[in-house]
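Below is the structure I would like to discuss, written out as structure tokens.
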Amino acid sequence: MFPMVTGFMNYGQQTVRAARYIGQSLMITLSHANRLPVTIQYPYEKVITSERFRGRIHFEFDKCIACEVCVRVCPIDLPVVDWKLETNIRKKRLLNYSIDFGICIFCGNCVEYCPTNCLSMTEEYELSAYDRHELNYNQIALGRLPMSVIGDYTIRTITNSTQTEIATGKRFDSKTITNY
């Protein structure tokens, strides 16, 4: 008789424990129910990147002196710099400059150490391609300025909470994530 009573007691304790766990998880779920979603509808809404965002590299051909500092500071020796020495003026003439963004780790060392500031990071992060060879950008493709997300009227931009806080001077909680 006692084993049967202890079995019922154990069953009752396990039932109470299971009900408590279900109640706790239900409370957590219900506490998240009144919040706004934090996901964005990607092609139609885009997040404005921060000032220090490291996107695609922009290259200005006219400023480059072919010093190859960018190649030396790159952890994977990625930029390909082709140049020719002009003997009459004793200077290097840049022939070709290319970066393969399929291999680039976007560390920003090339931009930081460039003595003539011919390299800069843009806010462009959409570098998808069907063929990996399309990610090898030459000086013409690197020289194109990306279209700004802010200027595109077809896309609704969503600012970060820190950017909105700085602009408006008031603090937002997790329920207010958009600027409309």
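A Cβ is built for glycine as well, from the same backbone N, Cα and C atoms used for every other residue.
In case it's useful when we look at the structure, here is the feature table from Swiss-Prot:
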| type | residues | note |
| --- | --- | --- |
| BINDING | Cys64, Cys67, Cys70, Cys114 | [4Fe-4S] cluster 1 binding site |
| BINDING | Cys74, Cys104, Cys107, Cys110 | [4Fe-4S] cluster 2 binding site |
| DOMAIN | 55-84 | domain '4Fe-4S ferredoxin-type 1' |
| DOMAIN | 95-124 | domain '4Fe-4S ferredoxin-type 2' |
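Describe the structural context of each listed feature in the structure shown, including burial, neighbouring residues and relevant distances.
Classification of Cys114 ([4Fe-4S] cluster 1 binding site) by DSSP places it in coil, neither helical nor stranded.
Counting every protein chain shown, the Cβ of Cys110 ([4Fe-4S] cluster 2 binding site) has 22 other Cβ atoms within 10 Å.
Only residues 6 or more beyond the boundaries of the domain '4Fe-4S ferredoxin-type 1' (55-84), in the same chain, are considered here, and those with a CB under 8 A from a CB of the stretch are 49, 91-101, 103-107, 109-125, 127, 137, 139, 142-143, 145-146.
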Measure from the CA atom of Cys114 ([4Fe-4S] cluster 1 binding site) to the CA atom of Cys107 ([4Fe-4S] cluster 2 binding site) and give the result in Å, rounded to a whole number.
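Just about 14 Å between their Cα atoms.
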Where Cys104 ([4Fe-4S] cluster 2 binding site) and Cys64 ([4Fe-4S] cluster 1 binding site) are concerned, what is their Cα separation in Å, rounded?
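About 20 Å separate the Cα atoms of these two residues.
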How big is the gap, in Å, between the Cα of Cys110 ([4Fe-4S] cluster 2 binding site) and that of Cys67 ([4Fe-4S] cluster 1 binding site), rounded to a whole number?
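Cα to Cα, Cys110 ([4Fe-4S] cluster 2 binding site) and Cys67 ([4Fe-4S] cluster 1 binding site) are separated by 12 Å.
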Whole-number Å only: compute the distance from the Cα of Cys114 ([4Fe-4S] cluster 1 binding site) to the Cα of Cys74 ([4Fe-4S] cluster 2 binding site).
11
